[in-house]
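Some notes on the structure that comes next.
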Amino acid sequence: MGAWSFLIVAVGGFVGGVIRYVLTSVMGTLWGIATANSVACFLVGAASTHGALNLVVTTGIAAALSTWPALAAELGRELHERRYFLFAFYLVANLALGHVAAFIGSQLAVPW
């Protein structure tokens, strides 16, 4: 892995982090996290068939964009506040949306 690879990952990480910040700022924490995770899963699915894009998209953008620790914190907050239905709904929705988004991304990806 050369210096260009590190630079590509760093730029991708910057882009993913900025997108995540914008999403959570505009949509609020709960739905911003769900959207960020779904978009990251879509990007990983789409990049999985592209060797050249895989590094920047998967390791850079999607890694910085996805917010699994924030998801865990939000789920913990819902449990702490005894909002069990919202906890279950939010957990299942995030998992389902992520898997569906990754599948759609992989199906829409056009091999180069």
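Glycine is no exception: its Cβ is also placed from the backbone N, Cα and C atoms.
Fair warning: this is a prediction, and the values are worked out from it, not measured in the lab.
For 6-23 (among others), the entry in TrEMBL reads transmembrane segment. Beyond the ends of the transmembrane segment (6-23), by six or more residues, the same chain brings 32, 35-36, 39-40, 55-57, 59-67 to within a C-beta distance below 8 angstroms of the stretch.
What TrEMBL lists as transmembrane segment is 30-47 (among others).
Positions annotated as transmembrane segment by TrEMBL: 53-72 (among others). Only residues 6 or more beyond the boundaries of the transmembrane segment (53-72), in the same chain, are considered here, and those with a CB under 8 A from a CB of the stretch are 5, 8-17, 19-20, 24, 29, 33, 36-37, 39-41, 43-44, 46-47, 94.
Nonlocal intrachain contacts for the transmembrane segment (84-104), taken as residues 6+ away from its ends with a CB within less than 8 angstroms of a stretch CB, comprise 30, 33-34, 37-42, 44-45, 71, 74-75, 78. For 84-104 (among others), the entry in TrEMBL reads transmembrane segment.
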